[in-house]
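Q: I'd like to ask you about the structure that follows.
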Protein chains: 2
Amino acid sequence: MCHTVAVTRARWTTETVPLPPHALAWLTQRVGLGEPFSEVSVSAPPSTLSADAFTALEAVCAVSADDEDRLGRAGGLSYLDLLRRRGHGEPAVPDAVVTPGSPDEVVEVLKVCVEHDVAVVPFGGGTSVVGGVEALRGSKAAVVALDVSGLASLVSVDPVSRVAVLQAGLTGPEAEKLLEEHGFTLGHVPQSFERATIGGFAATRSAGQASSGYGRFEDMVESVRVATPVGEWVAGTAPASAAGPDLKQLVLGSEGVFGVITEVSVRVRPRPYGPRYEGFVVDGWEAGVALVRTLAQDGVLADITRLSDADETEVALEMAGEKAALLRKYLRFRRVSQPCLVILGWECRSRSATMSSLSGHKVVRLGRSMGASWLHGRFNGPRQRDALLDAGVCVETLETAAHWSRVSEVRSAVRAALVAELGNPVVMCHVSHAYETGASLYFTVLVPRDLEDPVGQWGRAKAVASEVVSSLGTITHHHAVGVDHAPWLEREIGSVGVSVLRAVKQRVDPTGILNPGKLI
Amino acid sequence: MCHTVAVTRARWTTETVPLPPHALAWLTQRVGLGEPFSEVSVSAPPSTLSADAFTALEAVCAVSADDEDRLGRAGGLSYLDLLRRRGHGEPAVPDAVVTPGSPDEVVEVLKVCVEHDVAVVPFGGGTSVVGGVEALRGSKAAVVALDVSGLASLVSVDPVSRVAVLQAGLTGPEAEKLLEEHGFTLGHVPQSFERATIGGFAATRSAGQASSGYGRFEDMVESVRVATPVGEWVAGTAPASAAGPDLKQLVLGSEGVFGVITEVSVRVRPRPYGPRYEGFVVDGWEAGVALVRTLAQDGVLADITRLSDADETEVALEMAGEKAALLRKYLRFRRVSQPCLVILGWECRSRSATMSSLSGHKVVRLGRSMGASWLHGRFNGPRQRDALLDAGVCVETLETAAHWSRVSEVRSAVRAALVAELGNPVVMCHVSHAYETGASLYFTVLVPRDLEDPVGQWGRAKAVASEVVSSLGTITHHHAVGVDHAPWLEREIGSVGVSVLRAVKQRVDPTGILNPGKLI
């Protein structure tokens with residue numbers, strides 16, 4: 001076991017990556033640009049936190065009611081959040097930001113908030129795309145953002161069992177840096193990796209890009225430590241147990257409504273030796289789905305497995321710039337009429353097992369440069385959204401998972417619903433995560449922004465897509481519920497399921513201070 | 001999708017397998033036989049079920065208040081259960097046995113039981129070894145056993161997604177027979193396989209012998225359909241989801257206290273081609289643990305992985321009869337001073353991957369005959385317990401799981417506690433299931449039966465072992481909580497955890513009719 005090691009954590013900031021000229025040219029031609037606009041200055045309303053509550057919180061840990069700090073925790077990174085920062089809709093701004101420095105201080109903060117009847121929104125990297133960190137106050141007169149950045153230690157490492165205890169406020173890169181000193185990795189790299197936190201991964205059932213190899217975040221968790229208004233709750237003890245229901249699975253995905261996750265005990269692995277990423281092309285979506293399904297059901301998936309449909313592949317080729325023409329020519333030569341890109345990456349699983357299974361399918365190898373190019377751009381999606389918005393484009397993603405027998409039906413139905421609602425959008429889709437029994441589908445939508453009512457434009461599109469998705473699969477595979485998916489939760493888990501969540505909520509948060517308006 | 005196929009299900013019966021003469025001779029010499037005794041006739045007390053309740057139940061489905069039917073559901077297969085059938089302690093006998101024929105009828109039965117305030121104990125194969133099916137009535141005037149044997153259909157098969165929906169009353173062999181018609185297997189073979197049911201596997205988080213390959217039962221479950229007093233509850237939709245907490249993990253392991261599981265949707269796999277089982281020997285327990293840990297952490301475990309300690313290996317060699325002397329000679333020749341048997345079996349995973357990792361360890365191969373011998377006797381443990389009891393032996397098992405860094409400490413401490421309490425018992429131990437972060441340990445204890453107080457003798461031994469187990473690992477890895485482990489549950493899941501389970505219970509079973517006295 002090691003002693004606690006603390007790292008400092010960078011403040012939450014907004015980075016924008018500009019669009020390259022050929023991307024902008026393609027956008028202009030295919031999507032058509034809308035009216036450009038820039039971020040407007042949004043001001044914070046006066047804080048409604050009482051002086052008594054402020055003083056009581058200050059006795060526990062750092063508290064700030066500065067406008068800049070409060071605005072920095074006013075929502076996440078959904079399209080609606082980005083619109084709010086551009087003057088469309090009111091961002092919900094917390095009345096103060098509290099930054100406890102230990103799990104015990106989190107418990108104390110919750111006690112104070114119960115006593116003063118103040119709502120609490122746990123805030124990690126602020127990367128929610130479903131409204132999960134909106135500073136809603138519910139029926140309370142005030143709301144504070146509980147910033148977990150003060151919980152930034154590697155608490156312990158058990159190298160024999162390969163278990164590490166990480167505090168909730170560590171971002172992906174920070175956690176990896178601390179684990180690297182012990183030769184380990186978590187292997188959890190979702191697109192939000194650079195900013196999102198360990199606590200956020202746990203609270204939202206995050207799935208990393210290499211989930212086939214390392215598992216979803218919930219698969220890595222051995223136990224969770226949670227501060228609740230009724231005291232501390234530690235769920236999970238052993239590698240496996242039959243001691244009643246698995247309560248850590250009740251905490252994972254609870255999105256801060258049952259408590260604030262302060263520490264997570266996770267399974268770690270040795271850092272990969274010689275990871276390798278490659279690009280392939282198959283002819284047509286159905287061939288691609290059959291391929292990925294075979295790999296999954298033969299148990300030979302690569303760690304990273306990603307199948308783009310023809311539309312997404314077309315865009316990827318466009319973005320490849322000068323190389324695109326050469327690639328297209330080569331694919332015609334190989335008689336591929338509907339190219340669908342497949343990215344496979346090996347970090348811990350056997351490449352030869354995958355490749356041997358691939359040999360039974362018609363697959364064109366594009367080699368490692370295409371894999372390297374994917375790796376290089378793996379975090380670009382969220383970074384480029386501000387630039388797209390500023391160019392007048394409505395850009396958003398949505399995702400689901402369904403059993404294999406329904407995967408293609410889901411893709412077609414979601415596309416059809418979005419086209420019917422939005423006119424002539426670009427809808428790109430890829431299989432992002434594969435399982436023995438099914439897969440997740442990830443959609444990216446681009447359309448010129450409605451100048452009159454951009455919020456309503458996306459709201460209607462999201463609603464029709466969600467209707468489809470929730471009738472054929474899950475309302476969310478890895479984005480969580482937050483505010484945006486809450487209307488569809490009951491359809492998925494039933495009225496008894498909702499009632500059970502409410503019963504748990506009432507027991508651990510009887511006065512309802514925790515993350516009002518989210519999940520249930 | 002296929003149509004419903006029903007199979008008839010054999011009634012629950014007690015089979016006893018006699019001990020072979022050399023086993024009896026060894027027992028006499030090593031353990032010393034106690035006073036033999038045979039099963040005495042236990043009579044059923046008069047049924048306290050009201051005529052009104054009986055009539056109301058009869059309007060829904062088959063009901064019996066026959067003594068034979070009631071006694072057949074009076075408890076499970078723990079040592080205490082077996083003692084009760086021999087006149088030590090009072091078995092809890094249900095007042096009637098109801099046998100609904102469909103999930104809807106289960107819902108109706110629960111409605112009647114709520115209305116008439118009758119306790120309900122779900123009863124599958126009756127193989128609980130922790131008191132999970134004891135017909136306790138709690139505060140109710142009457143209790144019925146809800147026999148799930150009428151729910152015995154394969155509801156559907158989705159061969160593309162490899163998902164099958166099985167009704168809860170199917171036994172292991174029945175489920176396999178139905179799946180075999182479609183070319184599939186569940187691969188779930190715990191020692192209780194022959195009698196235990198799909199619903200029981202789900203309600204207790206069962207782990208099969210090939211769990212490294214096929215996963216624990218909960219890993220196979222896509223969704224569960226549950227009848228509760230407040231209506232039906234279906235938990236689980238897609239292969240993976242981030243739509244809030246995973247509520248199916250709250251049903252799995254709920255041991256009938258939240259509802260009666262009526263159908264389970266499971267991931268299935270093609271039937272294995274050429275399964276293979278082999279025996280190996282390593283020198284000493286620590287070498288064996290290091291070996292299994294390496295296999296687990298390298299991701300190359302066989303489907304079945306079982307490491308016996310020196311004591312269990314000694315007994316296994318004794319039981320091998322004539323071959324024992326030859327084997328011992330061979331092991332001396334190979335300079336193995338403390339033989340520990342390792343059984344590895346491959347059904348779906350790669351043998352070559354395992355063998356390649358084995359090559360780095362000092363391992364003596366005993367070949368396929370030892371594997372075949374393990375396979376042949378894999379269900380003998382429970383079958384021989386009656387014969388052992390009749391020979392005057394106190395025989396019981398207990399199990400746990402812990403992280404690798406504690407596995408050996410757990411074994412030593414449990415052994416020491418049992419020896420201190422029981423005098424000179426035979427304590428055998430094996431690693432029965434392995435994970436990346438730890439393993440389960442399974443103990444078998446043999447000691448001459450205390451003639452005065454056999455119940456107290458085991459009760460005290462179980463208590464000291466449970467104290468050790470619950471301080472270092474989980475109170476149960478795959479036997480569940482039932483009545484016997486309930487006193488240690490709070491230590492494992494904490495007071496908030498217990499309180500959460502109670503909140504859920506209160507919400508779905510407000511009058512407390514379901515399986516009183518179990519789990520919480």
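In case you wondered, yes, glycine gets a Cβ from its N, Cα and C as well.
TrEMBL: automatically predicted annotations, no manual curation.
The active site, proton donor/acceptor feature in TrEMBL is assigned to B:Tyr442. For B:Pro122, B:Phe123, B:Gly124, B:Gly125, B:Gly126, B:Thr127, B:Ser128, B:Glu255, B:Gly256, B:Val257, B:Phe258, B:Gly259, B:Val260, B:Ile261, the entry in TrEMBL reads FAD binding site. Residues annotated as substrate binding site in TrEMBL: B:Arg385. Feature annotation from TrEMBL assigns domain 'FAD-binding PCMH-type' to B:90-271. Taken from TrEMBL, the feature site 'Important for enzyme activity' covers B:Arg306.
Any idea what these are sitting next to in the structure?
A: Around B:Tyr442 (active site, proton donor/acceptor), taking its Cβ as the centre, 24 other Cβ atoms fall within 10 Å, counting all chains.
Non-local neighbourhood of B:Val260 (FAD binding site): B:Val106, B:Leu110, B:Val120, B:Pro122, B:Leu146, B:Val148, B:Ala168, B:Gly199, B:Val226, B:Ala227, B:Thr228, B:Leu514, each in the same chain, at least six residues away, with C-beta under 8 Å from its C-beta.
Non-local neighbourhood of B:Arg385 (substrate binding site): B:Leu77, B:Tyr79, B:Leu82, B:Val395, each in the same chain, at least six residues away, with C-beta under 8 Å from its C-beta.
Within 10 Å of the C-beta of B:Arg306 (site 'Important for enzyme activity') we count 23 further C-beta atoms, all protein chains included.
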Q: Using the alpha carbons only, what distance in Å do you get between B:Gly126 (FAD binding site) and B:Tyr442 (active site, proton donor/acceptor) once rounded?
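A: Answer for this pair: 21 Å between alpha carbons.
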Q: Roughly how many Å lie between the Cα atoms of B:Arg306 (site 'Important for enzyme activity') and B:Phe258 (FAD binding site), rounded to a whole value?
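A: Checking the Cα atoms of B:Arg306 (site 'Important for enzyme activity') and B:Phe258 (FAD binding site) gives a distance of 34 Å.
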Q: Taking the Cβ of B:Gly256 (FAD binding site) as centre, how many other Cβ atoms lie within 10 Å?
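A: Total other Cβ atoms inside 10 Å, all chains included: 26.
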Q: Using Cβ atoms only, which residues of the same chain lie under 8 Å from B:Gly124 (FAD binding site) while being at least 6 residues apart in sequence?
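A: Spatial neighbours, sequence-distant, of B:Gly124 (FAD binding site): B:Val133, B:Val148, B:Ser149, B:Ala168, B:Gly169, B:Ala196, B:Thr197, B:Gly199, B:Gly200, B:Ala203.
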Q: Check the Cα-Cα distances from B:Tyr442 (active site, proton donor/acceptor) to the binding-site residues B:Ser128, B:Gly256, B:Phe258 and tell me which is shortest.
A: B:Ser128
